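Per Swiss-Prot, the feature [4Fe-4S] cluster binding site maps to CYS20, CYS107, CYS206; the stated evidence is sequence analysis. Among the features that Swiss-Prot reports, isopentenyl diphosphate binding site is placed at HIS49, HIS85, HIS135, SER234, SER235, ASN236, SER279, with the record citing sequence analysis. Residues or ranges marked as dimethylallyl diphosphate binding site by Swiss-Prot: HIS49, HIS85, HIS135, SER234, SER235, ASN236, SER279. Taken from Swiss-Prot, the feature (2E)-4-hydroxy-3-methylbut-2-enyl diphosphate binding site applies to HIS49, HIS85, HIS135, THR176, SER234, SER235, ASN236, SER279, supported by sequence analysis. Positions annotated as active site, proton donor by Swiss-Prot: GLU137.
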Amino acid sequence: MNIAAKPPLTIRLCGPRGFCAGVDRAIQIVVLALKSYGAPVYVRHEIVHNRYVVEGLEAKGAVFVEELDEIPAEHRAQPVVFSAHGVPKSVPEDAASRNLFYLDATCPLVSKVHKQAMRHNRLGRHVVLIGHAGHPEVIGTMGQLPEGSVSLIETIEDADAYAPADPDNLGYVTQTTLSVDDTAGVIARLQQRFPNLTAPAADSICYATTNRQEVVKQAAPGCDLFIIVGAPNSSNSKRLVEVALRAGAKKSILVQRAAELDWDEIGAISTLGLSAGASAPEVIVNEIIEAFRARFDARVELAETVQETENFLVNRELRSIELTAADMAFVNG
């Protein structure tokens, strides 16, 4: 097919998109640990929720486990990395009891939520955590506090049904990757029911989640299709699909790789929105664009709201190790 025969397509490419500072830092920690200590480096849980990233790190020598007892005795001297989502307090305690050397890749913004929750608890408040049951970040945050001192609220319906023992002594925090609008609704309902509910000192939803949702909102109206690059277990990616639909996209889908695209289902479109969750690498965004260019006379327009400059330092033990562009080429291209 020659270019003249290809139907025209405008791709609204969202910015910011893809990796946030916390994800970048977590991946860098694994890469630098491999350079410093050699393979294998063990990682408890997926370092970030993206199979492409996980498989790329496995190819470099990382070994992913769900529990510390999966690490063979002969490799106990090798480092184990905790994922960006954070872990309960019991996990580093377990690592110490096994004489494991661990590197914590918890996102600093997740650690901030841990501190907010602990402050509520220290001041005698029962903690209300707004988040999704079973998500590793929620498990990690709940695991910072004594059992029974945290209540999980997922929806407005949960907020309506919530019956705390002491309704005048509550403090809330949220998962960092939630829908900004949905969370605002849940908080408003809780505040309506419990006027003395104490907010955290700073917003728990992270800058990257907010920024990616905001630009998708702006780009979605008029889009025949909105593609979010991300994994099905990525909370922030799934929220972007919902945001695109609510903001006016006719259809929105979550895609991990270009090979997943169903061209018969996509059909005839003239405007495509494209963004990526905070754990999705730029190489996959480029892969998606090239797949559309092969079938359409595609023109890319940048839809940008803000430029992100945040950068989080890696663990002190790794800061003397040089990180090169080649080290990160598997995700950055």
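Cβ atoms are placed via backbone N, Cα and C, with glycine included.
Around CYS206 ([4Fe-4S] cluster binding site), the same-chain residues at least 6 positions away in sequence with a Cβ under 8 Å from its Cβ are CYS20, GLY22, CYS107, LEU109, THR176, THR177. Summary of the (2E)-4-hydroxy-3-methylbut-2-enyl diphosphate site environment: with the site residues HIS49, HIS85, HIS135, THR176, SER234, SER235, ASN236, SER279 set aside, the chain residues having Cβ atoms within 8 Å of the Cβ mean position are VAL48, PRO136, GLU137, THR177, ASN233, SER237, GLY277, ALA278. Separating the Cα atoms of HIS49 (isopentenyl diphosphate binding site) and GLU137 (active site, proton donor) is a whole-number distance of 11 Å. Note: the Cα of SER279 (isopentenyl diphosphate binding site) and the Cα of the residue listed as 'active site, proton donor' are spaced 14 Å from each other. A separation of roughly 5 Å, to the nearest angstrom, links the Cα atoms of HIS85 (isopentenyl diphosphate binding site) and the residue listed as 'active site, proton donor'. Residues within less than 8 Å, Cβ to Cβ, of the residue listed as 'active site, proton donor' and separated from it by at least 6 positions along the same chain comprise HIS85, GLY86, VAL110, GLY131, GLN175, THR176, THR177, SER235. Apart from the site residues CYS20, CYS107, CYS206, the chain places the Cβ of ALA21, GLY22, VAL23, ALA84, PRO108, LEU109, VAL110, THR176, THR177, TYR207, ALA208, THR209, ALA278 no farther than 8 Å from the centroid of the site's Cβ atoms, the recorded [4Fe-4S] cluster location. For the binding-site residues CYS20, CYS107, counting C-beta atoms within 10 A of each C-beta gives the highest total at CYS20.
Every protein chain considered, the tally of other Cβ atoms within 10 Å of the Cβ of HIS85 (isopentenyl diphosphate binding site) stands at 28. In this structure, ASN236 (isopentenyl diphosphate binding site) is part of a helix by DSSP. Take the CB of HIS135 (isopentenyl diphosphate binding site) and look out to 10 A: across all protein chains shown you find 17 other CB atoms. Within 10 Å of the Cβ of SER234 (isopentenyl diphosphate binding site) there are 24 other Cβ atoms, across all protein chains. When the record's isopentenyl diphosphate-binding residues HIS49, HIS85, HIS135, SER234, SER235, ASN236, SER279 are compared pairwise by CA position, the greatest distance found is 15 Å. The candidate set comprises the binding-site residues THR176, SER235, ASN236, SER279. Of these, SER279 has the most other Cβ atoms within 10 Å. Of all the Cβ atoms in the protein chains shown, 28 others lie within 10 Å of the Cβ of HIS49 (isopentenyl diphosphate binding site).
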